[in-house]
């Protein structure tokens, strides 16, 4: 983290003037919720806020619209809940929205100017076997960053108390929330782009597994895009683990409370369950299943409501899928053959028998072939 401190040594109020007004990039703010920024942050911080230029912003309304949902960080929230314990993170981060344990705001450390500060209890996990003293979720996140498959992690701090463990992280902020929220926000995806994002996800999971890193909770809500045409990234590494789950506890004497049957959101768990998972092939079959669900999710097929019905195993699934997608809402118009071929790949990932699912390398090859073929088809 850059050795620059934008916080005032002692906060003191300043009145906004015509020359000394508060703006977030092209959005000039009326007097209100964020006047406290002038009290706590130095003039150079406010000057940077005025000059922010994110390529995703087409006008003032986009400045706050692309930050994930949340309520404004008022002076009361800042003073009581943020400022006392997080000063080390606030030196180069200005929070403007809050949602639960997440603060969204702006930082020059980020390529887009947008950043996220998260501070939350750690209930599961341990230290990374390959990096003593580094929490597994931080190790997994940094490993994903090395392959450009996660928002950049700028700073982290593990706070270990007698009865609790908390982790604070400052990182790049995604555009408009997770990939599903981004698309539902009026940005329908093409069938080619959906396949590209799926290939990026599969490639990321393969490379992480090669380094004995498993995310632990793969789903569309844990995938993001940080910049225009940028690579898909993973977030929320709280359940990250090595294959054999062997980790030392974050607190001395505490057994690591994480097992294979605990990781993964229930709706995204493959039908065979986790079991002990003694080998890489079984773990990879789980990942492929989750990639298949992502393929349906990203084009607007709500799998959570339908997965227990085995919707994709029904003979009339393509017709049902076409009606549920609602062309134009989540998916741009495409050739019918391309739509069917895409569903065929997804259904292959969702076979009940894990041995019948493709390996990640084969899935990546299938998606590459599909993308190449779709690219030669006429546009609609």
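Quick reminder: no glycine exception, Cβ is built from N, Cα and C everywhere.
Feature annotation from Swiss-Prot assigns active site, proton acceptor to 217. Residues or ranges marked as ATP binding site in Swiss-Prot (evidence: sequence analysis): 118. The domain 'Protein kinase' annotation in Swiss-Prot covers 93-371.
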Exercise for the section: Give me the mean pLDDT over the domain 'Protein kinase' (93-371), rounded to a whole number. Expected result: 87
Fill in the blank from the handout: DSSP, reduced to three states, assigns residue 118 (ATP binding site) to strand
Practice task
Write down the Cα-Cα distance for the residue listed as 'active site, proton acceptor' and the residue listed as 'ATP binding site', rounded and given in Å.
Solution key: 18
Completion exercise
Here the 10 Å Cβ neighbour count for residue 217 (active site, proton acceptor) comes out at 19
